[in-house]
Amino acid sequence: MANAPHGGVLKDLLVRDAPIAAQLRQEADTLPEIVLTERQLCDLELIINGGFSPLQGFMNQTDYNGCLDNMRLADGNLFPMPITLDVDEQQIEALKIQQGARIALRDPRDDNAIAIITVTDVYAVDKVREATAVFGSDDLAHPAITYLHKSVKNFYVGGDVQAVSKPAYYDYVALRYTPAELRQHFAKISWRKVVAFQTRNPMHRAHRELTVRAARQRQANVLIHPVVGMTKPGDVDHYTRVRVYQSLMPRYPNGMATLALLPLAMRMGGPREALWHAIIRKNFGVTHFIVGRDHAGPGKDSSGKDFYGPYDAQTLVTKYTEELGIEMVPFQQMTYIPSTDEYQPVDEVTPGTQTMDISGTELRRRLRTGAAIPDWFSYESVVKTLRESYPPKAKQGFTLFLTGLHNSGKDQIARALQVKLNEQGGRSVSLLLGETVRSELSSELGFSPDDRQKNIQRISFVAAELTRAGAAVIAAPIAPYEKSRATARDIITKTGGAGNFFLIHVATPLEYCEATDRKGNYAKARAGQIKGFTGVDDVYEEPTDADLVVDISRQSVAEITHSIILLLEAQSLI
C-alpha cells in the first residue's frame, strides 16, 4: 500500500471535467497575466499535481512566516521550504494585484495558461531573513542565496490556484508521473514498500550498489527519482542524465527498480531540503527515502568551509521521521574494495583495507581529456553516454575572439587561421568577420554604443551555438568596449558547451592602422565624414584580460597565426 500523502489528502488540483477546464481556459484569456520564471513553473507544477501537498497554492504571509520560523504551515503541517510567487512593484501596479484579484499564470515556454491564482495577500520580502532562516547563511557563495538576492523580486503574492492545464513536455514523457499516476503504478505492479533515491547527478556503480543495499535491508523495491527541473549551476544536463539512468536500469535485478522524473527546482538547502524531499516523496507514495552524505549540499561557502555538516541532513530528517510517516534510510559514502571487487559504506570498511574512489573533479578531468574510466567505477554504457555529451578537448568547439582597431590586421589573421584550422581538420571552421556580420546580421544597426553592444551580442549568440556544436569559430569584430567583450565571454563560456573562449587583442598601434589604411576610412573620419569612428572620435578600451596580445606592425601574420595555434595546443584543443 502506498504511503499516505502529507497532510492526509493528496492535493491534486488538475481539473478532469472537460467543461470546467474549458471554462477556466476561457477565463484565463481575459485575466491579467504573469509569465512564470523557470523556478516558478517547476513550483507550480508540483503544487497542482499534489507533489507539494498540503499546499494548494503559493504561500500567504502567515504560512510563509511559519515556514521560516518553525518549518510549519498555519495548519500545523510540517513544510520546511518557502514556495512563493515573486513579483515587483511595476507588476503589482500594472496588473492590479490585490486581495481577491484573479491572475493567469503562464508557461514561459509556450505562453499557455497553467493556472489561475486568487490573491489572498501581497507582502514584502526580507531577503536576508529568508536566507538566514532557510539556508542558515546570507553568503552569496550559496547558489540559492545568489538567486534570492539577484533574481527574486521584492514582493510575494499568496493565494490558492486552480489548474488550467499541465505544462507540456516533449522529452521522456513516459517517465513523467504525477503523484497520483505513480501511486497507481505502484499498485499495478504490487509494490508495497518503496525506497526512493534522489539524485541530480549521473549514477555509477556505487549508486547502484547503494540502492540495492537499501532495498535488501528494507525488503523493498527501488524508485530512482532524479530531479529534472532546476539543479545546481554547472550540473550535467538532464537529457544526458536521463540517458544514463535508462542505461543503468537493466543492471538491477528484473522487477526491482523503476525510473520516474521529478520536475523540481532544487534550492541546495541541505538539511531543510532533505526534509522537503522526504515530504515530496511521501506525496508520491514512497515509504522509504535514502538520505546520503551532504544531501542537497551546495558546496563551500566564501571562506572555503562546507555550508552544512556531512550528516546534518540525516539528523534533521531523523528528528521528524515519526511525524512524517516516511522512513529515512541513512547511507554514508560508498567506496570500492579492490580485493573483493565490491562497494561498501566507508563506515563498514575494516581499517587498513585498500579502497579506491574517483572524485567528481577527477571524473570530469577524465572525460575532458579522454582518459580511461575504469569498469570498477562505472558501466561501459554509462561512460559511453557521458562521452557523447562531454567529448574530450580535441573534439570540443572553441571561439577565437579577435578584437582591435579598424585595419589592425584582424581580418588577415582570421582568414589565415581559417586556412590553418581547415588544414588541421577534425572540426568545421566558421569565420565571423566584422564587416560580414554587419552586412548579414546587423545591417539595420549603426555605431552608437547601444548598437555596438547589440552587434556583439548577436555575434556571441551565433558563436556560442557553433561552439556548442563542436565548431572552431573565429570572430573578428572591433568590439571596442570592455562591456561588450565581457558579454561575449559570458555568453560563449556559459552556453557554448565546454565554453572554450579565447580573447585575442590585436594591439596594432593606431598610427600604423591609419598609415596603412588603403580605403581611407581614417582620413574620412578625421574630416568628419564618418562619425563615431573607433580611434578617432570614439574610444577603444584596451583589454586587460586578453589571452593573447599580438601586433601586426611587429609580427608577421604567419608568426601570429602560429602563436594562436600554440595557444590552442596548450589547451589540448588541437
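Backbone N, Cα and C define each Cβ position, glycine as well.
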Exercise for the section: Please pick, from Ala94, Ala101, Ala296, the residue that Swiss-Prot records in the sulfate site together with Gln198, Arg200. Expected result: Ala296
Problem - Farthest-apart CA atoms of Gln198, Arg200, Ala296, residues recorded for sulfate, distance in Å - result: 9
Practice task
Please work out the number of neighbouring Cβ atoms within 10 Å of the Cβ of Asn201 (active site), leaving out its own Cβ.
Solution key: 16
Handout entry: Check: same-chain CB within 8 A of sulfate site center, minus Gln198, Arg200, Ala296
Key = Thr199, Val227, Thr231, Met266, Glu273, His277, His295
Practice task
Let me know the most crowded of the recorded positions, choosing from Gln198, Thr199, Thr436 and counting other Cβ atoms within 10 Å.
Solution key: Gln198
Practice task
Determine, from DSSP, whether Thr199 (active site) sits in helix, strand or coil.
Solution key: coil
Handout entry: Rounded to the nearest Å - Cα separation of Thr436 (3'-phosphoadenylyl sulfate binding site) and Phe331 (site 'Induces change in substrate recognition on ATP binding')
Key = 59
Exercise for the section: Translate the DSSP assignment of Thr436 (3'-phosphoadenylyl sulfate binding site) into the three-state scheme. Expected result: helix
Practice task
Tell me the Cβ contacts of Arg452 (3'-phosphoadenylyl sulfate binding site) under 8 Å, same chain only and six or more apart in sequence, or just say none.
Solution key: Leu445, Ala479, Pro480, Tyr481, Ser484
